[in-house]
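Peer 1: Can you read through this structure? Questions will come right after.
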Ligand code: HEM
Ligand SMILES: [Cu+2]
Ligand SMILES: [Cu+2]
């Protein structure tokens, strides 16, 4: 008996907890409402199953508890019942899978007009790169990294010269414009995660990963790292500022481009950089459009 | 009715001294106890680590000796010990060893010597694992997933020696498991007694059998991954190591693929979840059926579901990698296959409930644990659907929702079954009864406590709190109330932690002072309760092997004199 | 009786009360086939990793120095021939009726197996001398890894052979022979992979 009561109370308690606890999704600040609704559909179906199954169990525990004169019923199987249950389960599963897959379909197809921004992770900070006026990110790789070229741009790639570099600063995005966030890591795995955007993706050293989204709400949000990357994992923070296109353009105008950085470098350092880069061009990575 | 199977003629290896009887023993029951005790002891280490982590999360800064590095080391060791060295070893090495020969009517495992070797290798793997705590730099802090490149590069605790002991220990564990697994599978296939058809085996055996096959096929992936990472670490190869910048220098490694490791790891890691779950499924089915005095409902469906789950779980591994940077189109396939597994899993839940339905339910301690398992498993199974459903996983992955989910489904649930199973079989194993009041107290605190720990974690995860965080720090979207929640979770965890003392006290005290147990105290129909001696002697069955005439679930058969008919009772 | 009929048995019904088929394969045979399955999985995973790692360089934009295939020295072929010879000897042992012949043939098989191991060792030395170091290239790393794991299995086989011969048990000798054939098949597949890429 007490266990039946406990189960019933736990079900009620869980529902109450769901309704009254202060913890729920952060307010959405991107286009990924479809992810939220897929989550909601999943939640409703699962909640129904949770409540029904457990209340059924609680009732059974009371109704069929051992007491004098009570005997169990012998029934090895009931094919019809089992088939029906399978069928309805399959319906429920399909019902939640469908919106999930639809949302994923959107997640994996980047719109053509999406702008490109690169986020570069390293232990334990974020840097960013914008493609500049030509709209193309120049090629970059870890092997080009030097104290003067912290993001590892290929100095021989003309597309890279106008790229704007934001080293350990904030990421700025114009509100309402789809953006493809290209991700690159200088050392280990990291994960670009802004809870309000819902989207996230790992940074994998050696390859370039990406995801896309449209920021829909101006504001400043925390960027967290969501892939264990060592001692400072929990302190690997950044900020993303979503602002009006006008404010964004003004901000962008103040950023330094790669050619400006090169211009500030002593000639000797540039020569060394170019010689080194030439040595590894045989396997030059491609620019990202 | 003397019956002999080919292998029954083989003389058993009879122990000659105390040492060969209890230490270098080849008796599956002794080996089972050795396995269980070792697993539980190392499990206690993992439990202590969890308490330390909770102290840090609940009261950040209160324990200055817990630094970020320590926290990550605790997380990693806790996770790996719980999953591999406690649950896998206990459910297969412990329960598998004890139950298989007794339940299928064999005298022992078919390769007793290999079985003994399996235990000693397991013990060696545990020792190497523990050595990790004492090497310079301490144990690895790369998470239980051990992802390269961080696992072996500077910036991660234990990247020098801790990771090496971990990998070596895992490789030894795999060898140990393979020896054990070959035994379990072969014994089930080959040494069943007369009349024990496959479909007359108790579901415990089905669960352990299927899990053993899965383990045999999944652990090689871990083995290979561990060896390759050891090469990368010590020989400077670049299987998994790309060109990267480490501590200001560009590494000489080139072109290696961290994703390759992840694929290998999860090709093992996902089946591993079911390697832990399937034995628990099987065992809990038996507990429910015995204590509800009712045949298991839909036995055939239950067996098929176990087999189907086992098979399907080899094609879902990349659901752990939706946001890993692998080709995103894989997401469609893996989401679908993952959600399809939910169907046989749901059928199992229905059949447990339908077994209770119209039963005659005795609320003994093992049954309480079984009921609690159904509750937590429904919860954990359902939250798994969120994570399997690709796009829904995107915001939730690597948050506390994941932590809550897997604790509910593969932490708490199997552990509840293990407790239930220990209470259930203790009278057979040691011939003594435990104390009922203490058992109930242990049950209530554990059950309610773990739910209080893990239910709120789901909500923290939905809010966006990431996992493996030493401290949350100043984060705009995390309200003050989260810190309060963390305090309460920690308090619940400490209570649960302390309550395990009741269990240990009860088990040890009853070993000496418990009343003598009836050979078949629950009135169970399966073979292990029908041994001539309690506890069973070496060779299990006395001079003659039992002969089986019916399935293991003849409970409350209409017209029968008692409410159960032992498997050995001939049909009229 | 097929597996499916067995799994469809309604074991609670009285008519399900029948005897088991009397002949089951021996425990050793069952255990061996299970182990073969394990080893197959292990080597298949390695081959999958090999292919994935090999294909990666182009996808990742590293087209130059990353994957450089190794040359195939004649020793590779000689070793393979030795292993084939060893398998033939084991097959003779497996078919032998008389104990003595079986023992002699299996000793020959084991000896050839040992020669194979020594040959593999020389192959390693050869590659080392030619500058194909383990860490120099992923192709080399895979070569050493695969041959090492295969070699360990051969050593295990030699150990088992020694044990079977000491026991003089003809059933065990037959199982050893089967294991040996399995290792030969694995080796042919691995060598094919190494040579063709
Ligand atoms: C009352 C008991 C337990 C408590 C309080 C507890 C607590 C925790 C905590 C606090 C974490 C770290 C969360 C984070 O920061 O990411 C964790 C991780 C983990 N736990 Fe437990 N745990 C318990 C039992 C178990 C059991 C029985 C298992 C068996 C499966 C388990 C498996 C894991 C795993 C696999 C991880 C992940 C490690 C990682 O992130 O690498 N835990 N647990
Ligand atoms: Cu991180
Ligand atoms: Cu999984």
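From the backbone N, Cα and C atoms, a Cβ is placed for every residue, glycine too.
What TrEMBL says about a protein is an automatic prediction, not a curated fact.
In case it's useful when we look at the structure, here is the feature table from TrEMBL:
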type     : residues  : note
DOMAIN   : B:18-549  : domain 'Cytochrome oxidase subunit I profile'
TRANSMEM : B:35-57   : transmembrane segment
TRANSMEM : B:77-100  : transmembrane segment
TRANSMEM : B:120-141 : transmembrane segment
TRANSMEM : B:161-185 : transmembrane segment
TRANSMEM : B:205-231 : transmembrane segment
TRANSMEM : B:273-290 : transmembrane segment
TRANSMEM : B:302-323 : transmembrane segment
TRANSMEM : B:329-353 : transmembrane segment
TRANSMEM : B:365-388 : transmembrane segment
TRANSMEM : B:400-423 : transmembrane segment
TRANSMEM : B:443-462 : transmembrane segment
TRANSMEM : B:488-512 : transmembrane segment
Peer 1: Using a threshold of three or more Cβ pairs below 8 Å, and leaving out pairs closer than 6 in sequence, do the transmembrane segment (B:400-423) and the transmembrane segment (B:273-290) count as in contact?
Peer 2: yes
Peer 1: Which of B:120-141, B:161-185, B:329-353, B:365-388 has the most Cβ pairs closer than 8 Å to the transmembrane segment (B:35-57)?
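Peer 2: The stretch with the most contacts is B:120-141.
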Peer 1: Considering only the recorded stretches B:77-100, B:161-185, B:205-231, B:365-388, B:400-423, state which has the highest number of Cβ pairs under 8 Å to the transmembrane segment (B:120-141).
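Peer 2: Ranked by Cβ pairs under 8 Å, first place goes to B:161-185.
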Peer 1: Would you say the transmembrane segment (B:77-100) and the transmembrane segment (B:205-231) are in contact under the rule of three or more C-beta pairs closer than 8 Å, pairs 6 or more apart in sequence?
Peer 2: yes
Peer 1: Using a Cβ cut-off under 8 Å, which residues of the same chain at least 6 positions beyond either end of the transmembrane segment (B:77-100) come close to it?
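Peer 2: For the transmembrane segment (B:77-100), the list is 28-29, 31-33, 35-36, 38-40, 42-43, 45-46, 49-50, 53, 106, 109, 115, 118-119, 122, 125-126, 129, 132-133, 139-140, 143-144, 166, 170, 173, 177, 180-181, 184, 187-188, 204-205, 208-209, 211-212, 215, 272, 275-276, 279-280, 283, 410-411, 414-415, 418, 421, 425, 429, 528.
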Peer 1: Give residue numbers and ranges for long-range contacts of the transmembrane segment (B:302-323): same chain, 6 or more residues beyond its ends, CB-CB under 8 A.
Peer 2: 199, 203, 206-207, 210-211, 213-214, 217-218, 259, 262-263, 266-267, 269-271, 273-274, 278, 281-282, 285, 296, 330-331, 334-335, 337-338, 340-341, 344-345, 347-348, 351, 387-388, 390, 393-394, 397-398
Peer 1: Return the average pLDDT for the domain 'Cytochrome oxidase subunit I profile' (B:18-549) as a whole number.
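Peer 2: The answer is 94, the mean pLDDT of the model over that range.
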Peer 1: For the transmembrane segment (B:365-388), find every same-chain residue at least 6 residues outside the stretch whose CB is under 8 Å from a CB in it, and list them.
Peer 2: 280, 284, 287-288, 291-292, 316, 319, 335, 338-339, 342, 345-346, 349, 352-353, 356, 396-397, 401-402, 404-410, 412-413, 416-417, 419-421, 423-424, 434, 436, 439-440, 443, 447, 450-451, 455, 458, 522
